[in-house]
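TrEMBL lists A:60-253 with the feature domain 'tRNA(Ile)-lysidine/2-thiocytidine synthase N-terminal'. Per TrEMBL, ATP binding site is recorded for A:G63, A:A64, A:S65, A:D69, A:V95, A:G173, A:D178. Annotation comment: TrEMBL describes A:287-317 as domain 'Cytoplasmic tRNA 2-thiolation protein 1 C-terminal'. If you look up TrEMBL, you'll see A:325-352 marked as region 'Disordered'.
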Amino acid sequence: MEKTAKPKSRLCTLCNEKRAALKRPKTLEQICRECFYTVFEDEIHRVIVDNQLFKPGERIAIGASGGKDSTVLAYVMSELNRRHNYGLDLFLLSVDEGITGYRDDSLETVKRNEIQYGLPLKVVSYSELYGWTMDEIVKLIGLKNNCTFCGVFRRQALDRGAALLKVDKLVTGHNADDIAETVLLNILRGDIARLGRCTSIITGEDGPIPRCKPFKYTYEKEIVMYAYFKKLDYFSTECIYSPNAYRGFAREFIKHLERMRPRAILDIIKSGEDFRISTSTKMPEQGTCERCGYISSQKWCKACVLLEGLNRGLPKLGIGRSRGINSEHNANTKQANGTQSLQSKQCGSLDF
Amino acid sequence: MQLTLEFGGGLELLCDSVKSHNINVDPQDGEKQLTMKNLLSWVRTNVIKERPEMFMKGDSVRPGVLVLVNDTDWELSGQLETVLEEKDNVVFISTLHGG
């Protein structure tokens, strides 16, 4: 069933021996499968080494959704850890948002990955952490703002899971396309605080558990090609509750740019990195939540505000322009720093 | 002409969740060859059951959908101009689903 490639296709520009299997978006080189595996893995290794993402002996959690990016990340991380003797203890960390017909299926994929890659898996659930599943939340609030709840809750859930695993760092599968998209979205929202940090390869170094993104410069096309050629087992169904229109539009825009000029993705990331935030821009001050102790720039963290709303039967609390808990106590600082960073963010699976 | 089509990365949902399709398609009247451009319009009519806009944009695939002909990136064989032959295997994978 293995048919030969079309006569038009040429030899690999790297080894000059085998037939090329893909065109790299980053360099436009035409390369064979074996050379692709090598350059793909080597580039990620370089990113890890050049940015000193890990130290020997560290415990590292891989945020695993069962999707393409985190599946390839788990595979490549365990490969590189072995090959280059990073000396890391790797774990898979998954969040169960409680979405029937979506997360239960993708968690099955993560459980297979646990066995395939021999990495211990920890699952934390919204129902145990917050007393609410996304199914229950959507039943209460409908399909508006549900992604805000999910995104805010996921961010904390990953941190809490990482704390339970006693890991030193959390790695996520955010790829170059994701980061370019987030740069654009932060510009569109005027979210200067996020614009400044969304291109950082390591974030939260001042917080309890730093996060890093080894795929920061890795194109989505190459991740999917890698998963396809290696026949990696991943799950690819869109969340049943995610309308995701705004982010989807930015996504599509980036994919159009990529088709015309593949380098556009790296160039957007570079623009994001090189922005200088003027000193007159007020940045939100980091503190801790008075209720749960999680990092927060307000009196209560966003998850506690949302949860309070759910439990009091006022689910609009914390959605849109802040009114309620934080603004009651915090009206002055709120106006002074003008932060609205966590408001009405679309699907939070890409939280930075 | 017999071809095998495979849909992945969520695109299978547009065709009754069937990933692999054995199809029989011939060049249109007056045409000697079947190109990817011809195949795409045939697939849109005969295989895709819902939301064709998730699969195609204009006369090509939607940006973000990867195409491989006999396990080779179609960007190496001329994309829409790629000429198909008997028993060729064409794979479509969406990169737009999930993470």
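Backbone N, Cα and C define each Cβ position, glycine as well.
What TrEMBL annotates, mapped onto the structure for a quick look.
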residue	record	Cβ contacts under 8 Å, 6 or more apart
A:G63	ATP binding site	A:S70, A:L93, A:S94, A:V95, A:L158, A:L170, A:V171, A:T172, A:G173
A:A64	ATP binding site	A:S70, A:T71, A:L73, A:A74, A:L92, A:L93, A:S94, A:V110, A:N113, A:L121
A:D69	ATP binding site	A:G173, A:H174, A:N175, A:D178, A:F215, A:E220, A:I223
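With DSSP classes pooled into helix, strand and coil, the tally for the domain 'Cytoplasmic tRNA 2-thiolation protein 1 C-terminal' (A:287-317) is 10 helix, 4 strand, 17 coil. Listed binding-site residues A:A64, A:S65, A:D69, A:V95, A:G173, A:D178 compared with chain B at a CB cut-off under 8 A give A:S65, A:D69, A:G173, A:D178 as the close ones. In this model, the domain 'Cytoplasmic tRNA 2-thiolation protein 1 C-terminal' (A:287-317) carries an average pLDDT of 87. DSSP classifies A:D178 (ATP binding site) as helix under the three-state reduction. Taken residue by residue with DSSP, A:G63 (ATP binding site) is part of a strand. Of all Cβ atoms in the protein chains displayed, 26 besides its own lie within 10 Å of the Cβ of A:V95 (ATP binding site). Its own atom aside, the Cβ of A:G173 (ATP binding site) has 25 Cβ atoms within 10 angstroms in the protein chains shown.
A 10 Å cutoff on Cβ-Cβ distances gives A:S65 (ATP binding site) a total of 24 other Cβ atoms nearby, all chains included.
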